[in-house]
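What TrEMBL says about this one:
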{"type": "DOMAIN", "residues": "30-396", "note": "domain 'Ammonium transporter AmtB-like'"}
{"type": "TRANSMEM", "residues": "12-29", "note": "transmembrane segment"}
{"type": "TRANSMEM", "residues": "41-63", "note": "transmembrane segment"}
{"type": "TRANSMEM", "residues": "75-95", "note": "transmembrane segment"}
{"type": "TRANSMEM", "residues": "107-126", "note": "transmembrane segment"}
{"type": "TRANSMEM", "residues": "133-150", "note": "transmembrane segment"}
{"type": "TRANSMEM", "residues": "199-215", "note": "transmembrane segment"}
{"type": "TRANSMEM", "residues": "227-247", "note": "transmembrane segment"}
{"type": "TRANSMEM", "residues": "259-275", "note": "transmembrane segment"}
{"type": "TRANSMEM", "residues": "281-301", "note": "transmembrane segment"}
{"type": "TRANSMEM", "residues": "321-342", "note": "transmembrane segment"}
{"type": "TRANSMEM", "residues": "354-381", "note": "transmembrane segment"}
Amino acid sequence: MPARYLNFRCSLPWLLLLLQTLCLIYSFFGFPEPGDVYPHLYPGFQDVNHMVIFGFGFFLMVLRRCGFSSTGFNFLLIVLGVQCSLVMEDFLRFLGLQYYEVDLKSLAKAVVSMTAVVISTGAVLGKANPVQLIVMTLMELIFFYISRWINTTFLQVTEDLPLMHVHLFGAYFGLAVTSRFPEPPPGLDKSRSTPKSDLFSMLGTVFVWVFWPSFNSLLTDSSMKAVLNTYLALAVSAVAAFMLSALTSKDGKFRMTHIHSAVLAGGVTLSYTAHSIRHPWIAMILGLLGSVITILGSHCLQRCFNPALKLQDTSGVHFTFGLPAVLGAVASVVLHVVETGIAQQWSDLSSLGYFVFVDIGAFCQTISTALITGLITVTILCQGTLVFKWIVILSVSYSQKQLTEKTFQQCLPNKGVKTWLLLLLQHPGEP
């Protein structure tokens, strides 16, 4: 085997062992006794679990050289991240910031929180190695919980609404991370797809589409209303995706890139308002607008926005999750103003303005935190030689051409660990 391929024997197993040991120790001393409540959440929890693990795993199989990365690493990050999410929730309880009990609802919140990590992983697919993905997962979870805490503590937003910011936070955190990764060499076809990868990706899209109503209704009180509104929005966005794909293509044919992204736009757009929309036609209009903004964004962003900012959005998370989430956040503010104003007959404008500023503040705070913390995270990942010299793999400067599926399965030169560390410290830029 070529000697240039990386070996994770000295880094990845020990990092996983360390994190798993810390989770076990904390669960032994810190977790309260599990509560036998919320049994009605189990069907919805299973749907979301299938959606996050199986659906998103195949959804990200759009690149021909990243099949195992999108499925295998996605599963590893989820099962590790759920445990870390439970630890973070309990740590907030320990600090007296919120009440916490280990039950099915807390587990459901942990799985929903991991959606942000999965979305961010799609932005850096094929660029980050497994150790970097694990470090990114831990840092993103910490920053996401900080963002949630700011929204619920200072802005007094209801507890479940910041949890629905997972699409917004995950998309812009991933964009910030991918903006600082090295650009691939010219002519490298690593970002291309094949008919086989498109087929698997479409299979994942269908699974995510089917289970998305359960995702939007899992933690809400008006679950049946959320299911109805989400399904109608998804149906309209799927029809609009096929229609707009044929209209915007030069040859008048369907493009899998459009359909793969736009059919989910309705579910993302209704993440904030699925439980509160009273009229189904409003949900259907939002689904249509979400599909339109996704397909138009796929044209404009990839040709103008991404090259100007040097963004390497591998899986198109910006126009698949970011833009529909922004549309949904704006729609939630508009609907809140209209419904509250009509109910109060526009008599208490000061109170109405306060709630509008709170909603806008939570939305802007989430995006700002995602972008800033994403840049901090990628700085740590890319400058691993200065920050994490004790982790071998983060001290290796690899070329994009070497970072394929084989990178995670091959070997380093047969040298001792001490000799290899000395070589890294002396020549940190050489693989």
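Cβ atoms are placed via backbone N, Cα and C, with glycine included.
As the structure is a computational prediction, the values presented were derived from the model and not from experiment.
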Need a quick answer: max count of Cβ pairs under 8 Å to the transmembrane segment (281-301), which of 133-150, 227-247, 321-342 is it? 227-247
Can you work out which residues elsewhere in the same chain, 6+ from the ends of the transmembrane segment (12-29), have a Cβ less than 8 Å from its Cβ atoms? 80, 83-84, 86-87, 90, 130-131, 134, 138, 391, 393
Verify whether three or more Cβ pairs under 8 angstroms connect the transmembrane segment (354-381) with the transmembrane segment (133-150), leaving out any pair fewer than 6 apart in sequence. yes
